[in-house]
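Per Swiss-Prot, the features are:
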BINDING   GLY112, SER113, ASN114, GLY115, LYS116, SER117, THR118  ATP binding site
Amino acid sequence: MADYQDKNVVIIGLGLTGLSCVDFFLARGVTPRVMDTRVTPPGLDKLPQEVERHVGGLNDEWLLAADLIVASPGIALAHPSLSAAASAGVEIVGDIELFCREAQAPIVAITGSNGKSTVTTLVGEMAKAAGVNVGVGGNIGLPALMLLDADRELYVLELSSFQLETTSSLQAAAATVLNVTEDHMDRYPFGLQQYRAAKLRVYEKAKVCVVNADDALTMPVRGADERCVSFGVNMGDYHLNRQQGETWLRVKGEKVLNVKEMKLSGQHNYTNALAALALADAVGLPRASSLKALTTFTGLAHRFQLALEHNGVRWINDSKATNVGSTEAALNGLHVDGTLHLLLGGDGKSADFSPLARYLTGDRIRLYCFGRDGAQLAALRPEIAQQTETMEEAMRLLAPHVQPGDMVLLSPACASLDQFKNFEQRGDVFTRLAKELG
């Protein structure tokens with residue numbers, strides 16, 4: 001465990017994670033300073049009186065005088081103020097690094113462009129089904145520092161590329177990069193390989209690396225080695241097996257579960273299940289209880305979630321599809337009896353939308369594009385696209401045209417922040433309108 005006594009500590013970013021960092025240091029007899037670029041950041045009213053704070057920007061004087069900066073994942077290491085501090089020799093970490101220095105139980109670490117939250121939650125459910133005292137969080141749910149507990153037997157963490165950039169002490173018992181597709185390109189000026197390099201940090205010092213056999217970008221830089229276990233649709237140690245119209249999860253040649261016993265549906269969710277099973281096996285969770293968890297897990301909100309089924313029309317809320325790869329996963333292998341009414345739009349974060357084009361063929365699909373990058377998305381196939389300012393306008397436009405057998409799918413391929421507070425609010429608005437219009 002690290003010693004922070006007599007250290008001048010500055011925390012950048014409040015909110016729940018920032019407050020967890022403040023509590024962490026106060027519990028160790030260190031009073032940090034806190035700064036936030038927002039004028040009234042969430043959690044400001046919960047800061048103890050003795051903690052100095054600076055809001056509405058960064059305080060370069062504090063940063064340069066610090067021994068340790070704990071930076072929120074929301075601020076880029078390339079920010080001039082952080083670059084100057086780093087050049088002056090100030091150590092810069094994130095909350096995950098603080099956590100890794102303290103955690104005594106094994107850690108399962110999960111990253112990737114898509115599916116992270118589902119796989120993280122699934123592995124957590126597998127551990128609970130086995131009676132293991134598990135802490136689940138990180139980039140979802142509770143901040144990692146709030147999970148620390150001497151009685152924990154296992155930690156399961158979802159980690160973003162931003163969190164991994166400031167983490168060097170992670171020694172995961174099992175780690176995975178589920179997939180790598182363009183996301184956050186506004187934070188990675190050198191492109192996909194720079195983003196990938198941040199993700200691959202999860203494998204450093206890991207005992208077992210769970211890689212995606214269908215995505216070469218998930219392999220460690222030096223290639224697969226004896227630490228690697230693979231999952232995939234048709235290839236890998238953990239893969240899908242299709243026979244006589246049935247689909248099975250298969251492990252090293254052995255059928256272990258028929259997918260019809262799972263509550264989750266869709267090929268992308270079946271591969272998420274394989275990844276979760278590989279991680280659970282890697283840390284010694286009993287196979288029987290892991291498979292039991294797969295049969296009871298109903299999925300997460302806003303992730304290909306059935307919002308309404310009425311008059312033969314299914315309205316699907318996949319608002320968590322905040323990047324192109326996530327929407328590709330939703331469309332890959334999707335079966336619709338009638339017409340697919342696809343809602344796309346929001347803030348594309350400088351992404352290339354062209355990989356979506358191959359899923360937008362045929363005469364049984366209509367596009368409704370909205371938000372900041374609606375025009376770019378409509379340009380993928382203009383003859384079947386209609387562009388509106390807002391998602392609500394798009395839904396009111398399509399509603400009179402849906403027929404039994406159709407599907408209305410919100411899988412926007414974009415972030416929501418141009419028009420919504422977050423992807424959850426976007427999904428809630430979709431669900432409310434589906435119930436009104438359906």
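Residue positions begin at 1 at the first shown residue.
Even glycines carry a Cβ here, placed using N, Cα and C.
Shown here: features listed in Swiss-Prot, placed on the structure.
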residue: GLY112; record: ATP binding site; Cβ neighbours (10 Å): 26
residue: SER113; record: ATP binding site; Cβ neighbours (10 Å): 26
residue: ASN114; record: ATP binding site; Cβ neighbours (10 Å): 26
residue: GLY115; record: ATP binding site; Cβ neighbours (10 Å): 25
residue: LYS116; record: ATP binding site; Cβ neighbours (10 Å): 23
residue: SER117; record: ATP binding site; Cβ neighbours (10 Å): 20
residue: THR118; record: ATP binding site; Cβ neighbours (10 Å): 26
Would you identify the secondary structure of ASN114 (ATP binding site) according to DSSP, in three states? coil
Residues within 8 Å of the GLY112, SER113, ASN114, GLY115, LYS116, SER117, THR118 Cβ centre (excluding the ATP site residues themselves): ILE110, VAL119, LEU178, ASN179, ASN272, SER326
